[in-house]
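For Asp279, the entry in Swiss-Prot reads active site, with the evidence type sequence analysis. The ATP binding site annotation in Swiss-Prot covers Asn209, Arg210, Lys211, Glu212 and is backed by sequence analysis. Residues or ranges marked as region 'Ribokinase' by Swiss-Prot: 1-334. The region 'Cytidylyltransferase' feature in Swiss-Prot is assigned to 362-494.
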Amino acid sequence: MPTPILDFDALAQTISGRTVLCIGDIMLDEFVYGEVSRISPEAPTPVIVAQRSEIHIGGAGNVARNVASLGARCIFVGLVGEDDAGKRLAAALADQAAIESVLVCDPSRPTTRKVRFVSEHFSTHMLRADWEQAQPASDEVEAKLIEAILPQIARADIVLLSDYAKGVLTARVIRHTIDAARKLGKPVIVDPKSLNWAIYRGATLLTPNRKEFAEATRSRADTPQSIVDASEDVMRLADCEAILVTQGEHGMTLVPRNGAAVHVPAVPVKVRDVSGAGDTVAAALAVSLAAGADWDTALRVANAAASVAVSKLGTAIVSTAELRRKILPHAYLAAEEKIVLEPAALDAQLAEWRTQGLRVGFTNGCFDILHPGHVKVLTAARGACDRLVVGLNSDASVRRLKGADRPVQDERARAEVLAALEAVDLVVIFEEDTPIDLITRIKPAALVKGGDYTREQVVGHEVVEAAGGVVVLVDILQGFSTTALVHRARGGAK
């Protein structure tokens with residue numbers, strides 16, 4: 001059975017009004033990129049010639065960044081040390097308009113910092129150096145974390161616990177958070193690190209990777225069915241509604257407490273870096289569920305987001321636009337990309353076509369209710385050139401030409417219908433009563449109109465012919481008229 005097309009734009013619109021409370025272990029991720037061409041004379045180890053470096057908000061902070069990049073607001077609660085790395089993280093979070101950070105400072109511990117040395121040519125991690133103290137937060141710091149977390153729960157639509165086992169998510173912090181969230185009816189997602197899943201009791205969803213799941217369940221977890229078989233006991237132990245096990249190139253398996261398990265294969269992509277891919281999955285699930293998506297939709301969004309994340313270098317974030325391109329069918333996107341809104345984009349496309357030696361044609365109209373007469377003209381117009389640009393009257397232009405009760409469909413809807421036609425290569429909306437400015441800009445090799453016009457009546461014929469182009473008149477189909485169709489639809493006689 002084919003997968004139905006997801007109304008991604010509606011989902012994204014809902015996500016934009018949601019807030020995720022993210023709690024967990026933040027860290028400073030540094031990437032040093034360079035080339036390796038020799039072995040050190042001092043020891044049998046490769047020498048990396050550093051060429052550039054990048055700094056990112058990592059760990060649970062990367063989850064927060066992905067929540068924000070996917071369109072939701074994020075409240076982030078984490079722990080830093082009284083050091084330079086902590087100050088850099090605080091400053092970086094302050095630069096994120098969609099993230100509100102509440103950082104608890106513990107002077108007795110360093111801010112977690114990870115430096116990765118990467119061979120740029122081979123996209124290979126050569127070495128990682130860590131600065132961290134993984135012991136659980138002290139009783140005093142625990143109390144400060146709980147005090148910071150509890151007031152934020154009511155402000156959020158969903159709570160996300162990102163556990164990197166660096167001391168923030170102690171059993172006490174987790175218990176206070178989940179109990180408070182459940183009391184307020186807020187779903188809780190946990191990306192777990194502890195093997196004792198009893199501490200996550202009451203969470204809505206657990207999102208372990210395959211290794212974490214296998215260790216926690218003491219199972220092989222090497223097939224979707226083995227994951228399903230091993231899930232029953234731990235779901236009862238954790239009192240959760242579902243478990244999602246991520247399996248890298250083998251996809252994801254969702255096991256809900258009620259209903260059938262679902263396995264989705266990974267989206268085929270060239271994997272460049274898996275750093276932070278789990279963060280992206282957790283964030284995508286959180287924003288989807290916060291927006292009211294069902295399990296299948298949330299799983300689909302998370303799987304697509306993961307495929308975008310692993311195709312990037314470094315601790316990656318995924319934007320709404322990238323996710324949209326990954327989820328929606330190519331044909332849908334191809335049609336959408338035919339609609340040009342900026343003159344610069346039109347000029348660039350025309351220049352590219354002409355560099356390729358392609359003849360550009362042009363026709364125009366209101367195209368309010370597309371009918372066979374329109375299709376015949378558009379098909380014939382495409383036959384007179386290599387690439388067809390359609391000028392579309394804006395809503396204001398149509399009202400001036402056709403009356404206050406037109407258009408029936410707005411300009412965006414009319415543009416989308418035209419763009420879906422194979423004969424049409426580009427749609428450009430114009431505000432004027434005639435397309436003369438657009439024709440002057442394009443200077444098409446062929447200017448096409450229906451045969452109910454004479455050559456002299458075709459707007460822009462002088463411009464086109466002066467530039468060496470031709471005017472093409474196409475025989476029209478009798479009996480088809482948008483005005484007549486509208487009249488009939490409103491109860492008029494045939």
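Cβ atoms are placed via backbone N, Cα and C, with glycine included.
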Inquiry  = Using a 10 Å cut-off on CB atoms, tell me which of the recorded positions Glu212, Asp279 is the least crowded.
reply    = Glu212
Residue pair Arg210 (ATP binding site), the residue listed as 'active site' - Cα distance, angstrom, rounded = 15
Request  = Tally every other Cβ atom lying within 10 Å of the Cβ atom of Asn209 (ATP binding site).
outcome  = 19
DSSP residue counts for the region 'Cytidylyltransferase' (362-494), split into helix, strand and coil = 53 helix, 26 strand, 54 coil
Listed in sequence order, residues not in Asn209, Arg210, Lys211, Glu212 with Cβ within 8 Å of the centre of the ATP site Cβ atoms = Pro208, Phe213, Ala214, Glu215, Ala221, Val245, Thr246, Gln247
Ask   = How many Å lie between the Cα of Asp279 (active site) and the Cα of Asn209 (ATP binding site)?
value = 11
Task = State which of the following binding-site residues has the fewest other Cβ atoms within 10 Å around its Cβ: Arg210, Lys211.
result = Lys211
